[in-house]
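The structure appears below as structure tokens.
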Amino acid sequence: MSYVVAIPDMLASAAADVAGIGSSVGAANTAAVGATTGVMAAADDEVSVAIAALFSGHGQAYQAISAQAAAFHDQFLRALTGAGGAYAAAEAANASPLQAAEQEVLAVINAPTNALLGRPLIGNGTDGLAGTGAAGGAGGLLWGNGGNGGSGAAGQAGGAGGAAGLIGTGGAGGMGGAGGGAGGMGGSGGWLLGNGGAGGAGGVGGAGVGGGVGGTGGNAVLFGNGGAGGMGGAGADGAVGAAGTAGTSTSAGGVGGAGWDATAAGVLAATGGDGGDSGGGGAGGDGGAGGAGGHGSALFGAAGANGNGGAGGAGGNPGAPGNGGTGGVGPDAATSGGMGGTGGDPGAVGGGGNSGAAGGAGAVAGASGAAGTIIAGNGGNGGAGGTGYAADGPAGPAIGNGGDGGHGGAGGFYGNGGAGGAGGNSAPGGGNGGNGGTGGDSGAMGSSGGRGGDGGVGTNGGAGGGGGNATSYGTANATGGAGGDGGAGSRGTGGTGGAGGGGGAAQILNGASAATATGGAGGAGGDGNDGGNAGVGGAASTRGTGNVTGGTGGDGGTGSTGNGGSGGDGGNVEVNNDASTVSFVGGAGGHGGDGATDGGAGGDGGRTTIDGAGSRATATGGTGGDGGNGGTGHGGGGGPGGTAINYGAGDAFGGAAGKGGTGVVGGNGGSGGAAYNYGTGNATGADGAAGTDGTTGAGGSGGSAAAASVLNSASTATATSGSGGAGGDGTDGGNGGSGGFAFTFGTGNIIAGVGGDGGTGSTGVGGIGGSGGGADINNGASTVVPQGGAGGHGGDGATDGGAGGAGGFTEIDSSASVLAATGGAGGDGGSGGTGRGGTGGVGGVGINNGSGEAIGGAPGAGGTGAVGGDGGQGGAAYTLNGASTATATGGIGGNGGDGGTANGSNGGNGGAGGYASTTGTGTASAGNGGRGGDGTATVATGGTGGVGGNAHAPAGSPVPGVGGKGGNPGPGGKPGPNGADGIVV
């Protein structure tokens with residue numbers, strides 16, 4: 001058989017809903033009777049009368065059907081109500097014997113303790129009466145939950161929840177009364193087992209009073225979790241704005257005032273005065289702070305969650321806007337009536353003004369006045385988040401984590417976001433610090449996001465909260481909230497500092513706005529054994545014409561026994577307005593933290609993008625942060641500069657690179673920022689930063705330079721890439737950074753970056769030179785002859801010299817080009833001391849897809865040393881157009897370095913000649929081998945000559961290179977052998 005489960009309360013609720021629906025439908029039918037059953041004819045003709053009669057008949061038929069439906073509805077409602085009552089009666093009859101028996105047994109058990117202590121042995125505490133703020137009763141001594149606190153009267157606090165007995169849950173605190181009453185505290189959990197009660201919510205704010213503070217969660221004792229803190233009360237709505245004074249015959253009405261009435265003054269043909277603006281709405285009340293979570297148990301259990309801040313109250317309505325003045329009467333039939341006055345604009349907040357009155361009489365009727373601008377109502381500021389539970393308080397355990405801070409409330413329509421609450425500290429013996437709460441976002445017409453809360457102190461510090469975002473659709477500034485700082489990692493044995501919170505983003509979405517958008521700064525990393533990493537800066541953007549500033553990245557935390565934290569990246573910047581003339585710079589990267597071992601890396605500079613094709617503004621990437629200083633280890637590397645992108649007529653500049661930090665081993669220099677121009681302006685990549693000198697160790701490497709690209713075929717602008725940074729000096733020299741790549745789709749100049757020189761090695765080897773940057777043209781109409789950047793020279797060394805850097809490649813992509821493509825020169829090898837001189841750098845490759853020549857770059861010479869360094873190989877050359885008759889010429893090999901003055905110090909070998917290849921019908925002329933270095937000392941042998949380059953020309957004329965001549969010997973030595981000739985391949 002089937003069973004039916006019925007809940008009397010739900011049936012009663014459904015019956016009430018059905019009754020409400022019937023009342024609403026009946027009221028609507030009654031309101032429609034007059035308009036639908038007696039439709040007036042539009043005119044006196046027969047068609048209009050017939051149409052009116054037809055629609056009236058439909059209305060009368062609908063009313064008849066509605067009456068029948070109402071009768072059925074009444075019958076159904078009576079049946080549903082009766083069923084609910086019958087089920088309730090049956091349930092009561094079945095339950096009464098069991099309830100009576102239970103109450104008799106409990107009465108006997110609880111009688112002694114009630115008489116002695118006024119408290120039962122078993123049973124729940126009584127709830128406080130609503131609206132009185134009475135506290136909840138205590139639970140049974142052995143078993144029972146505490147009673148809930150009663151809600152507060154207007155302006156009064158809610159009652160505290162009752163405490164549990166040995167086993168049980170504390171009662172919930174009562175809600176604060178309207179007018180900012182505080183929420184009641186949650187009751188304590190059972191002495192042995194049980195959770196603390198939740199704190200009561202704060203009351204809604206009143207006039208001039210913010211929302212009430214949420215109640216603190218109840219504490220747990222031995223086993224159990226602390227109760228959650230109560231939510232802060234919402235702020236109250238603002239007051240209605242006041243009406244302004246009336247206008248005069250020569251000025252518009254004041255705020256909310258009526259416009260001047262020209263007819264009242266007896267003036268002919270005058271225009272009525274403008275209506276006054278409406279009064280501004282009152283600011284919304286602040287939301288109440290969230291309540292703190294309760295303490296966790298001393299043995300086991302977590303702290304209760306903190307309550308969130310209450311929402312800000314809505315702003316008040318505006319004052320009534322003034323009506324436009326009445327237009328003047330025209331003096332004769334040739335004069336139009338006066339224009340009606342314009343309706344009053346609203347105040348700072350609120351609805352639009354009324355339409356202006358109609359113009360005065362005349363030959364032509366005057367036009368009606370325009371309606372005032374409509375702006376929606378506003379809200380107040382978001383409430384601040386509650387502070388996290390602090391485990392180091394008087395009632396805290398020896399070891400335990402701090403609670404997380406509450407999140408800041410979101411602002412109302414015109415409000416700012418509330419600040420996030422700070423994370424709580426851990427217990428003194430150890431535990432993690434609580435995380436800071438996130439800042440609240442601003443309203444759509446607000447100006448500031450809330451600041452993120454700081455992380456709490458702990459073995460590992462808590463992370464800082466992120467800043468709130470700010471958005472403005474109006475004309476106000478938009479400022480993202482700053483990220484909270486990470487907490488220190490210093491409790492117990494110590495650990496890592498907390499990460500800093502990211503800054504909030506800021507955006508302006510009104511194209512007519514001249515306001516500033518500023519991203520929030522990233523929070524600093526917390527100090528600790530290892531420093532915490534910092535937060536990134538907030539992004540900033542605008543569709544208007546004002547300034548935009550990306551948020552600065554936070555600085556990394558200090559590492560007292562380990563590494564410093566990394567700096568945060570700078571915030572990105574974006575602008576999309578053709579009329580903007582401001583120069584924009586991405587946010588700067590934060591600096592790396594200092595460390596007892598290694599310094600932290602600097603943060604990246606922020607990217608800058610200008611989207612408007614008609615803009616003439618300049619885009620500059622943000623500066624990279626400097627690396628932190630190291631102790632026994634490496635200095636931190638400098639942060640890369642930010643990228644710049646421009647779609648308009650302005651220039652694009654890559655951001656400057658950050659410097660490396662000091663240390664036993666010097667920090668590496670940061671890379672320069674890249675630049676891309678899709679419009680008609682120049683693109684300039686930034687240089688790489690030099691490596692830092694090592695204090696007692698190797699020097700840091702130089703940073704690479706960034707690319708520069710012009711990406712518009714109609715552009716005549718210049719693409720200039722940056723130079724690589726030089727390597728730092730040290731026991732071993734640091735390597736030089738690579739030069740930047742340069743590219744253009746246009747017809748302007750192109751300049752590839754040179755490689756950085758290697759650093760000097762005071763007791764060891766010299767640093768290697770950086771490679772030269774490549775150069776690439778992709779426009780057949782260009783008349784600029786491109787050339788790859790030169791490689792950097794190798795650094796001198798006490799033992800061996802550093803090798804020279806390779807020359808940059810050169811490529812012409814367009815088959816219509818007639819220009820020559822010449823590879824960059826290789827860098828010379830550094831001088832050696834007791835060892836070999838550095839090898840010369842390879843010459844750059846020349847590649848031509850047009851009809852011009854391809855020429856391999858010249859190589860670098862070998863450095864001098866006890867044994868001379870080998871010469872570099874000549875650059876290869878390729879012509880890749882089958883219809884081309886041009887020559888591909890490989891570079892000549894570099895000469896070997898001369899040997900030193902010590903007996904047996906031989907000369908270096910000559911470099912090989914460059915390879916040459918053509919797919920056309922021209923000549924492929926490979927490079928000759930380089931000459932061997934001389935052996936100047938007694939019995940020293942000259943270096944071997946370089947091998948001639950190979951040639952490839954299936955449809956043309958291949959010419960292999962000739963081997964280089966061997967070097968001269970020292971007294972009593974032998975000359976170096978000549979190099980072998982190249983071959984056809």
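Cβ from N, Cα, C; glycine included.
Feature region 'Disordered', per TrEMBL, maps to range 482-502 of the set 482-502, 755-775. No contact links the compositional bias 'Gly residues' (547-571) to the compositional bias 'Gly residues' (961-976), because fewer than 3 Cβ pairs that are 6 or more residues apart lie under 8 A. In the predicted model, the domain 'PE' (4-94) shows an average pLDDT of 67. As a summary of secondary structure, the compositional bias 'Gly residues' (547-571) carries 0 helix, 3 strand, 22 coil according to DSSP. Proximity of distant same-chain residues to the compositional bias 'Gly residues' (961-976), defined by a Cβ-Cβ separation under 8 Å and at least 6 residues beyond the stretch ends, is recorded for 890, 892-893, 896, 898-899, 905, 907-911, 913-914, 925-951, 982.
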